[in-house]
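Undergrad: First the structure, which I've put down as structure tokens, then a few questions once you've had a look.
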Amino acid sequence: MAELPVPELPTTLSRCSGRFTISTLLGMEEGGRGPYAPSEGAGCDSTHLSGSTLCTRTFGYNTVDVVPAYEHYANSKGVGDAGKGRPSLADLHSILKPDPGHFHVPVCDPQRSNGLPEAGPEEVPGEPGRAPMPEPVRFGWVKGVMIRCMLNIWGVILYLRLPWITAQAGIALTWLIILMSVTVTTITGLSISAISTNGKVKSGRGTYFLISRSLGPELGGSIGLIFAFANAVAVAMHTVGFAETVRDLLQEHNSLIVDPTNDIRIIGVVTVTVLLGISLAGMEWEAKAQILFFLVILVSFINYLVGTVIPATAEKQAKGFFSYRADIFAQNFVPNWRGPDGSFFGLFSIFFPSATGILAGANISGDLKDPAVAIPKGTLMAIFWTTVSYLVLSATIGACVVRDASGSLNDSVAVGSPGCEGLACAFGWNFTACAQHQSCRYGLSNYYQSMSMVSGFGPLITAGIFGATLSSALACLVSAPKVFQCLCRDQLYPLIGFFGKGYGQNSEPIRGYVLTYVIAVGFILIAELNAIAPIISNFFLCSYALINFSCFHASVTNSPGWRPSFRYYSKWAALFGATVSVVIMFLLTWWAALIALGIVIFLLGYVLYKKPDVNWGSSMQASSYNMALNYSVGLSEVDEHIKNYRQGRLGTERGGCRARHQQTQDCFMPMATSSSPSSCLVLTGPPNFRPALVDFVGTFTKNLSLMLCGNVLIGPRKQKMPESRLTADGHTKWLMKRKIKAFYTDVVAEDLRSGVQMLIQAAGLGKMRPNILVLGYKRNWRTVSPQSLEDYVGILHDAFDFKYGVCLMRMKDGLNVSRVMQAHVDPTTLAGEQQASTVFQSEQGKKTIDIYWLFDDGGLTLLIPYLLGRKKRWGKCKIRVFVGGQINRMDEERKA
């Protein structure tokens, strides 16, 4: 071996011997020496190309890596060198002349387990003298998710319509409306928790980005468009609620601008214009303002509850408030439908927007300290507390206020007066006249500001309405353009790219703000809250249905890329949530539901027709792969028939034998490589010779990815071809009987290595090609001929050269059971033979899967145990990962 020039190294380096270095798992203490520390002056052997973990000698590469980190894969750079990629295959198994500009030895720190210089507190690695970037502000689950969601959920409906809905539907059906809405939002919250914790999310990537990358452009684009439009209309709804409250205040003081309807339009347009200016000016204070809004709403709730127990004054009694009364509760417990909206689903459509807003936390998932904990915990807690507030409000106000009241102090009468009808007569008030003519101005059925009337101090309720409506309107006004900008930049649809342009340091979508403003003003001009709310309900239900379906679809495809850290979701619950959402859409307004579904189908058809140049590794791609794989495996069980003859499909008839193992090649479909899971070429020889190898690989490829059992027949072609034709069909039937979803293929070659090279290059079709080579460990390497050992090692190098991953399997008693059984030539006998049982066919119980992370292999060492753990018989096993590191950095490296 050629000797390389070695630069002078520090004298306190550990000894490098051979291609790899074995070191202790625990490094030395800070400033100290471990028990196996090298003696002073122990340098590196200059005759070896590879270096140790402490002194990097393989042309600047590390041979033992630190724990896997997201940045290593995102940046596609080597762990040991931030400035260049990992060593090439030529570097690993060839002797190269060192490039003086390429070869370098970094300063070694004996306390670093990976041989990298530790970055000081004042410098960033690779950039001396530059101060490190400041840590971005991260939110916890309370401030980042729960408060944000609660502010979005609480809104205009809570203050202005929930008392009115209670009067119409009664307390019992109002609770049913609330619980139905919460069921949909809770299931959707679980689904969005799973989607948003499936991988790392960068800052600024909201719900649309998460869902579209999970479900694909076909349905992801539809969700983005509908979600953005729903948020734009929600701006109008909250603004109209604010304007309605201001109009009522003006009306109380006889100061209307024009008339009640036009006043709502004028105030609404002015308000949304001011909100647009605030959005364009910047929102640095938005997070702090949220806390203020939240406190105002809480104070208004307390103020309302205190007001319900304060004895009613004569003015409040004239308006229908009599404190807690069992008679009032009993009367308001049952429904009393009135007006055009007086139906169960009519009221549901008005209430449902008050249950939305659950996606506020997921929209900032990149800005959370721990999204996997914060999003589920914060979202579900927000749903719980807002639900409690809705139930308490409807029950308390339904027990305090009658449905009809005149508001006139002159209507007080003596208890038991003749001609007095209604519940208020028992309390000394006669509202009979206005109730019969339906001209009462007050009472739950007529007065939208009942909460303000009941409360201890009315202006606090008004402040709560202002806080809830303005904060929700502002949040929707900010989120709608952001979602639409992300959709425009994906270039899925024509003519909308104009709105994708960003301005300033934060790439603010100013054009999107203007578009949202125009849409909001258009709906504000309707000036009727009860007409705007059902429109939003329809579009939110549609988006929630698509969110739940995306979670279900990603789960049912079994893609290895779908591994959310939030585990408390169910694919069947997600499917139920999607179905219920669609059903409720049709029960609310069937023609609006048809329009919404028509828009989704049109957008879906357009994307399928245009096929945009995007590849997101979505569940749709994984589904296509699974369908092709399942159909291909199923076709292996179908006997051939002359009517289904295709060229190259039926083998040449000779001596009554047909080569059937290629019959499935006509039904493969091209897939996207990014979504196809790890596909394995398994060197089993005859599959029945190595059943443990077949069972183990079949465990994590079943219903998930491609598995090919390869067999190399060594010898002259004329002698081995008849054997190949005879046994191929029998081996396939043996796999079917064992319930292994795999293909069998064999080649005839002069030696093992050339045969494996044929298999590696020719196996598979199109995108359905194996990318991992699995073979058994060579147990007899001490006694076999040098040529046999060289062929075996050469196969490993060949696999790397052809861009394959490599897995070696070793068992205590070996894999090959051919010594205790005879190879059968008759295919019928082979398929009907006694199946050998292996340890991988039984329930594994509470065992452990131990992973020793010594080299950064791209994550394959971690992926396979994860895939095993998803199977039922391995589900109770615990995965343990052992990594090299320092004992004083144990907690940090364990977290990494």
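Just so you know, glycine gets a Cβ as well, placed from its N, Cα and C.
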Undergrad: In TrEMBL, which of 344-362, 420-438 is labelled transmembrane segment?
TA: 344-362
Undergrad: Among the recorded stretches 172-195, 264-283, 289-310, 344-362, which has the greatest number of Cβ pairs closer than 8 Å to the transmembrane segment (457-480)?
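TA: Between the candidates 172-195, 264-283, 289-310, 344-362, the best contact partner of the transmembrane segment (457-480) is 289-310.
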Undergrad: May I ask whether the transmembrane segment (576-609) has at least three C-beta pairs under 8 Å with the transmembrane segment (382-402), counting pairs 6 or more apart in sequence?
TA: no
Undergrad: Please tell me whether the transmembrane segment (344-362) and the transmembrane segment (576-609) touch - that is, whether there are at least 3 C-beta pairs under 8 Å between them, with each pair 6 or more apart in sequence.
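TA: When sequence-distant Cβ pairs are counted, the transmembrane segment (576-609) touches the transmembrane segment (344-362), since at least 3 lie under 8 Å.
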Undergrad: Which bits of the chain, at least 6 residues beyond where the transmembrane segment (223-243) starts or stops, bring a Cβ under 8 A of a Cβ in it?
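TA: For the transmembrane segment (223-243), the sequence-distant neighbours (Cβ-Cβ under 8 Å, at least 6 residues beyond its ends) are 155-157, 159-160, 207-208, 211-212, 215, 263-265, 267-268, 271-272, 275, 353, 356, 465-466, 468-470, 472-473, 476-477, 479-481, 483-484, 486-487, 490, 493, 515-516, 519-524, 526-529, 532-533, 535-536, 539-540, 542-543, 546-547, 550, 596, 599-600, 603.
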Undergrad: Tell me the residue counts in helix, strand and coil for the domain 'SLC12A transporter C-terminal' (690-829), as DSSP assigns them.
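TA: Going by DSSP assignments, the domain 'SLC12A transporter C-terminal' (690-829) contains 65 helix, 27 strand, 48 coil.
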Undergrad: Count, for each of 289-310, 510-527, 576-609, the Cβ pairs lying under 8 Å from the transmembrane segment (172-195), and report the range with the highest count.
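TA: The stretch with the most close Cβ contacts to the transmembrane segment (172-195) is 576-609.
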Undergrad: Counting only residues 6+ away from its ends, which parts of the chain sit with a Cβ under 8 Å from the transmembrane segment (510-527)?
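TA: Cβ under 8 Å, 6 or more out: 229, 231-233, 235-237, 239-240, 243, 261-262, 264-265, 268-269, 272-273, 276, 279-280, 477, 480-482, 484-485, 488, 498-499, 501, 503, 535.
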